[in-house]
Amino acid sequence: MAPGLDLTPDFHPPTTTTTTTNNAPPQQRTLLLAPPTLATHGEARLATLFTTTYPRATTDLQMLDRLAAGLVTLPATTYDLVLVLTDPDGSRRAEAAALLADRAVWARLVPAVRAGGRVASEEGGGEGTEFLGDQRVGREAVLAGLVAGGVGGFVKPEYAEEEAVPLRFGKKKAAAAAAAAVSSAGPAVGTVKVATATSAGKKEEVGMVPPAVAAAAAAPAGVGFVDFSDDLDLDVEDDEDVIDEETLLTEEDLWRPIQQPPECQPQPGKKRRACKDCTCGLASRMEAEDKARRAKADSDLNTLKLKSEDLNELDFTVQGKTGSCGSCYLGDAFRCSDCPYIGLPAFKPGEEVKIVNNAIQL
């Protein structure tokens, strides 16, 4: 075997890793909101702003109309200043105010502003909640969570982080204070033996605990008693005024027509129906009408019912005798459903009808 050379180093120096921490504050970023006309007729002015006042590296430009249409998504908590470009003379103020009066624009804009960031206009000014000379724009900004700034515009407030604070009732401290309050003579005694004038020289036990304290000590643990006769020293008059509900409505209110909700109005060609949770009285009125209609139908039906003594057999074989309808002899086509001559052929009034061998003989 041919000899070989080991070229790996025998000395391994320790390797150290250096970690650099960047504690520098975040870079200030600015968002410029431009009306649509500024993009078509203000290219030179935008170039001047980027070269003189707002560096392009830390400045973003968005169009107000695209933001209002929801075509732009802004990064969250990014901008320290949101500047609405309206020209120093305010020539584009009305155009920008018309777009910022939409609540959806502020809903997309405010989350992109950092805590403590400002929303201002290029022309400045504005008192109170007025922004771009329009109270509506300022109202929408306040409803979105901004507060009016002192130098015009609005500021996003810095809210402190929520922190849970435990509630301690100090039961241990109260128990320690009660134990320290006991005198050095020992614990309190409940009864003592003393000689009285009526005891004839004998000592009697006398209670040293007040009755109220003794009753409270005799109560079981965890059970409380409420004295409903105690008014807690509140100045409450016994003769409280009770409002009569019948006096809340006047005669004019009672005669006023009921305003029918739109959902209760019947559709064309359909019968009016009441809602499940009807409160206008339509359901009760329709129920009363149904009951009255059913009662009338029952009464009409009872008038048509005949008793057993009224159902006398009518002899059609006698000349001149006819049924109540007068058409029994004409045939089944003219007979009632309960006619006893159903199935018989037509015959003449007074004609004798015989049945021989289950065959009808006229």
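Cβ coordinates come from backbone N, Cα and C, glycine included.
Note that the structure is a prediction, hence the values are computed from the model and not measured.
Which of 197-200, 205-208, 273-276, 325-328 counts as motif 'Cx2C motif 1' depends on Swiss-Prot, and there it is 325-328. With all protein chains in the displayed structure included, the most crowded Cβ environment within 10 Å among the binding-site residues C328, C339 is that of C328. Taken residue by residue with DSSP, C336 ([4Fe-4S] cluster binding site) is part of neither helix nor strand, so it is coil. C336 ([4Fe-4S] cluster binding site) is surrounded by 13 other CB atoms, counting those within 10 A of its CB over all protein chains shown.
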